[in-house]
C-alpha cells in the first residue's frame, strides 16, 4: 500500500495553562484524554501545582489508542479508558515512536521502486524514443494515482504523518510518470490536464484539511468525489483483468458509479442511518485498499496465463514492494487499523513475496535469495505480533488480532 502523523494541536489562549501539558507531557497526544485535566498555578506565576500535574499524569496513563472497528477505520483514532500498566507506559511510548519511524522508512523502498521507471522514461524522451513509453499503460497509472489520493485523504484524517508522506510520495512519483507519458503523447492531452487538476486539488485540499484550514463543505465534496471515483474504478478494473475470457464491457463501472452517486446523495440528505453514513464514509479508503490488493491478483493471473512473462519481472522490485509494505505492518497493528493492516499485509505477502515465490519456482532467482526473503518477512511479522502483545500486556497475539478485526 503505497499504502502516520502527530495530532495538530488547537491554538491556546495565552492564559490557558493546560497548553503546558500538551507541549511537555512525555506521552504522545493520542494518549491524552479528550478533555484536558485542569492545571492551576499556586502562588507565583512560575510555580506549577505539582499535585495537579501528577494527577494529570496518572489520568493520562489510563488512556491509550483504542482498537478501530473495520467500519470505523475511516475515522481518527478513538480514545478510551484502557488497561495500560504504569510500568509499561515507557515501553508503550517507545513502540509508538518506533512503529511511526518504520512507517516513515517505507518511503525509501517505495522511492527506489519508482525511480528506475522515471529514469528510463527520461532517457527515452531525451533520445527521442517516444514509442517506448507507450508500453506504460496510462490508465493503470491513473488508477494507482487515484488509489494514492484516496489513501492520502484517509491518513490525513487519522493524523498519521508517516503514512501521509508515503502516499504523497506515491502521488508525486506517479504524476511524474504520467507527465512523461503526456510528453511522449502516450496519454491524451485532455486526460492529462484533467488528471493535473485532480492531483493539484487533492494535494492542496488534503494538507489544508490536515492543518485545519479547510471549510467542512469543501472537504465533504472532495470526499464524495474520491468515493464515487474509487467505487466506480474498482469493479471495472477487476472485470477488465479477465478480458478476453469474459466480454469487454463498461457495465460494472457504470453500475458502480450509479450506486456510489446514489449512496453519497442519500448520506448527505440524511436518508441513511448512522451506520450507513459511516459505511459511505469508509468506502473511499476501502476501495483504494482493494485496488492495491487487486494488483497481485492481476499479476498472478497474468503469470498463470503467460509463464514466460515472469522472466520480465524484477526480483529487486518485488523485494522493495515486500519491504515497503512490510514496514507499515507494525504501525497498522499497533493503532488497530484493520483496513491499513489488511492492505499492507496483503501487498507484502501476495504482491511482493508472492511474486518472489513465482520467480523462485520458475528458476529466475537463487535459492539463497528466496530463503532470505522468506525468513526476513515472516520473522518481521512474527516480531511485530510479539512486540505488540508485550506492549499491550497481553498473553497471546491472538488477542491483538481479535481487537484488530472486531475492536475492543
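Just so it is clear, glycine is given a Cβ too, placed from its N, Cα and C backbone atoms.
From the options 109-128, 309-328, the stretch TrEMBL describes as transmembrane segment is 309-328. The range from 369-386, 387-404 that TrEMBL describes as transmembrane segment is residues 369-386.
In TrEMBL, the transmembrane segment annotation falls on 189-209 of the listed ranges 189-209, 210-230. Between the transmembrane segment (309-328) and the listed ranges 189-209, 279-297, 369-386, the one holding the most Cβ pairs under 8 Å is 369-386. Long-range contacts of the transmembrane segment (369-386) within the same chain, counting only residues at least 6 positions beyond its ends with a Cβ under 8 Å from a Cβ of the stretch, are 315, 319, 322, 326, 329-330, 333, 345, 348-349, 352-353, 356-357, 359-360, 397, 400-401.
When each of 132-156, 163-183, 279-297, 340-363 is scored by its Cβ pairs under 8 Å to the transmembrane segment (189-209), the top-ranked stretch turns out to be 132-156.
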